[in-house]
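In TrEMBL this protein carries:
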| type | residues | note |
| --- | --- | --- |
| DOMAIN | 104-522 | domain 'Major facilitator superfamily (MFS) profile' |
| TRANSMEM | 178-198 | transmembrane segment |
| TRANSMEM | 204-222 | transmembrane segment |
| TRANSMEM | 234-255 | transmembrane segment |
| TRANSMEM | 261-280 | transmembrane segment |
| TRANSMEM | 349-370 | transmembrane segment |
| TRANSMEM | 376-400 | transmembrane segment |
| TRANSMEM | 412-429 | transmembrane segment |
| TRANSMEM | 500-517 | transmembrane segment |
Amino acid sequence: MSFDELLDQAGGLGRFQIFQLVLFCVTNILTYPHIVLENFTAATPDHRCWVQILDNDTVSGNVTRTFSQDALLRISIPLDSNLKPEKCRRFILPQWQLLHLNETVTNTAEPDTEPCIDGWVYDRSYFPSTIITEWDLVCESQSLKSVVQTLFMTGSLLGSLIYSLLSDRFGRKVVYQWCLLQLGIVDTAAAFAPTFLIYCILRFWAGLSVMTIMINAFCLMSEWTISKRKSVGVVLMMSSYSIGQMFLGGLAFAIRSWHTLHLAMSVPLLVLLLPSRKLVESFRWLIVTNQLEKGVKELRRVAHINGKKNAEETLTIEFVKSTIQKELDAVQVKPSIFQLFHAPKALNVIRCLFSFHFRFSYGVSLYGLILNLQHLGSNIFLFQVLFGAIMLTARLVSLWTLNYMGRRTNQILFSFLAGVSILVNTFLPQEMQTLHVSLATLGVGSVSAAGTGCTLHQIELLPTVFRSTLGGIVTGFQRTGAMLAPLLMTFLGYSLHLPWIIYGVIILFSGLVILPLPETRNQPLVNTLQDVENNTKYSRKVKQEDTSTKVTQF
């Protein structure tokens, strides 16, 4: 409990911790929507082929005096299997005979059609402009929308790996500020992209920084917060993601132009650079990287902000050394990330089974749901707000389950509930729309609640000395799942149920890998590899004592 004792001396939950938490939550509200921005900036409106008789002002002006718009549409555009106008083909010549279907038709041959060689006409009543209408990403090019989302997720995967290594090398604060600056500049530039290729490059670049902002915020928050308050901080920060989704839904409803929406979500990030200068580098990271004097200086600074007037006298280097002597001894030899492969077997179980598999499954299912709002209905603004609200509620509920049921039970319970909800929803008849929406929101809420427990469990399991690096690797697996999620929708061409079955099954069985993990509720953060081994032994000892007690009582 040595680091927690130092935090108590500096103010375990004072003005600094509140300022830090508020800043991170506000930043997350503006950062998280960049992940799902294509729900609105890449929304696909109704469209049809451009035809001269309808859309050429000179020709249509004369014809429409005799025939209605519906009649001209009928003779120009064929109908699909649902008796709606085709979106990707048109008649080569106007089929005037279709206006007289009740009369005897001598020629029953199918009229010749062709692709939309002259472009498309879009319904701009809902969205005046999106990247779909900007660069005609429909019909043969409709898969390019998934390419944009996949490139962004690929960027976030690489960024979480690269910047997490840099965070453990140069500190959390400086990398956090750099990524905030990068995201603000790059996504502002994306609003003025002249071509689709440049837009894709800029979105990939934006993806490099978005996850690091959230990872480093968690690291700084957890490393400046005492153990018994950590779950509250984690839940509040993850709740800010849900508020960000709701905020995006409301803002997108008010701002329908994709250029303006991009700017509205990006420029405020540059403004947040000013208050981020008040952040303090993690004293845990400074100490475990052999920067004791600087760590004590930062600890005194936080104590001063929290109103501890005698911090200079109490928080001396000698006092800090005596309090955390065990940790100092453990870091005299600089640890290497490769030492993890020589750690106890339980550590390998933690890293491989829990961190990798669960985060991958979580990424596939969560982003499979929130990136495909148009598959649930036409009012994507309402679904965005609804999903944000249910995710916020689920994360607040998980605060109770995390504190009273533990980290493992939270993840197992909610991952099972999420998988069942998604699978049942997959096979419901389309006519039961209300039940469809209800099960979809329940599934999203359960996935987010499981993810909240996963994040807190991960923070408490990973040692401080490698927390950003390992957190980046773990998040990299989540990003891999997020990359896979939009690509799975291409399976709709084979089966309308297959992508949703995969989303449900993968999260349903992910809870099984939580079973061999140690419970970390009310345990202090681990700072070195030795702490991980000690915690593992302690968990086994507690489990054996519980078993012995039950046998004795029996």
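Cβ atoms here come from the backbone N, Cα and C positions, even for glycine.
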### Contact check, the transmembrane segment (234-255) vs the transmembrane segment (178-198), 3+ Cβ pairs under 8 Å, seq sep 6+
no
## Note on the structure
Comparing 261-280, 376-400, 500-517 for Cβ pairs under 8 Å with the transmembrane segment (412-429), the winner is 500-517
### Task
Take the transmembrane segment (261-280) and find every residue of the same chain, 6 or more past its ends, with a Cβ under 8 Å from one of its Cβ atoms.
16, 19-20, 23, 26-27, 30-31, 33-34, 37, 40-41, 173, 176-177, 180-181, 183-185, 187-188, 190-191, 220, 224, 248, 251-252, 255, 298, 301-302
